[in-house]
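Worksheet for the structure shown next.
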Amino acid sequence: MLGIAWLGITAAAFRRWRIDTGHAALPIGAGLTPEAAPDLTAATDHDTRRKFSWAHAVTGSMVAAVLIIGMLFGTGVLATAVLADTRLGQIDRAAVAWLAAHRSPVWTTVTDALNSLGDSRAIITVTLAATGLALAVYRHRRPVAFLWTVMAGEIAIFLVASTVVSRARPQVPTLQPDLPPTASFPSGHVAGVLCLYGAIALLVQRAATNRIWTVLAWTAAVLIPAGVAAARLYRGVHHPTDIAGSVLLAIAWLTAAWFFIRPAAAPPVTRETGA
């Protein structure tokens, strides 16, 4: 029965794909008998790119978000229950304890600055600035929709995942005692900067004519989240596996949003210069 159901689902999906790409909706049995051979003709050249649909983008993104939440829930259970008493679980706790035992005024000041890169004000400010630049460069709404979908979806996924996993903060003196005590997995700060600067890097890579801008964008997309992650560990508010969960969230969600919204299909505006 499962095999029959799977065949039915794939057949329906293929039929829907033909309609979305402009092909005729032929009867299910068309072309399946040898007698239909004389009716076969060579296909003409045509654009095989999938037509964009906002309904498809919204639906696909929502399904992807649910799947990512499920993945994070499984990862969270693995980190908090299955592996808690293993060597990995011991290392997870010991790493935070070691950092807490080696704090210094200098490093506390440094992590204050790094931590601020992942707070709400910084993320909102950079998102708004990136929105303006995307509009100026692309002159198209889809790259902006991609950016805002990434950020809004990241918040929603993080809130649901952290609630259902409900992991306690590390048992060390924390430098941020005002945080919710059971929202350790995943790290919202790290997931936020990963999604934000990852989305910006993808858009820059698509639009930049000079490779140096792409290199700079991807460098920021790696170094800024790394700095925020180090600060969160140092301040005693996350375990290393919480950071790993944020990386999973960001990679999966960026991939899904890029696939369904397809901002690369909206080419950036090029300005011709006179001779």
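Note: Cβ is positioned from N, Cα and C throughout, glycine not excepted.
Feature annotation from TrEMBL assigns domain 'Phosphatidic acid phosphatase type 2/haloperoxidase' to 146-258. What TrEMBL lists as transmembrane segment is 58-84, 120-138, 145-165, 185-204, 211-231, 243-261.
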Positions on the same chain near the transmembrane segment (145-165), where near means CB under 8 A and six or more residues out:
57, 61, 65, 68-69, 72-73, 76-77, 80, 123, 127, 130-131, 134, 182-186, 188, 191-192, 195-196, 198-200, 203, 245, 249-250, 253-254, 257-258, 261, 263
Can you name the far-off residues of the same chain, 6+ from the ends of the transmembrane segment (211-231), with a Cβ under 8 Å from a Cβ of it?
110-112, 114-115, 117-118, 187, 189-190, 193-194, 197-198, 200-201, 204-205, 238, 243, 246, 250
Mean pLDDT across the domain 'Phosphatidic acid phosphatase type 2/haloperoxidase' (146-258), rounded to an integer, is what?
95
Who are the chain neighbours of the transmembrane segment (120-138) in space, where the CB to CB distance is under 8 Å and they lie at least 6 residues beyond its ends?
144, 147-148, 151, 192-193, 196-197, 199-200, 203, 207, 263, 266-269
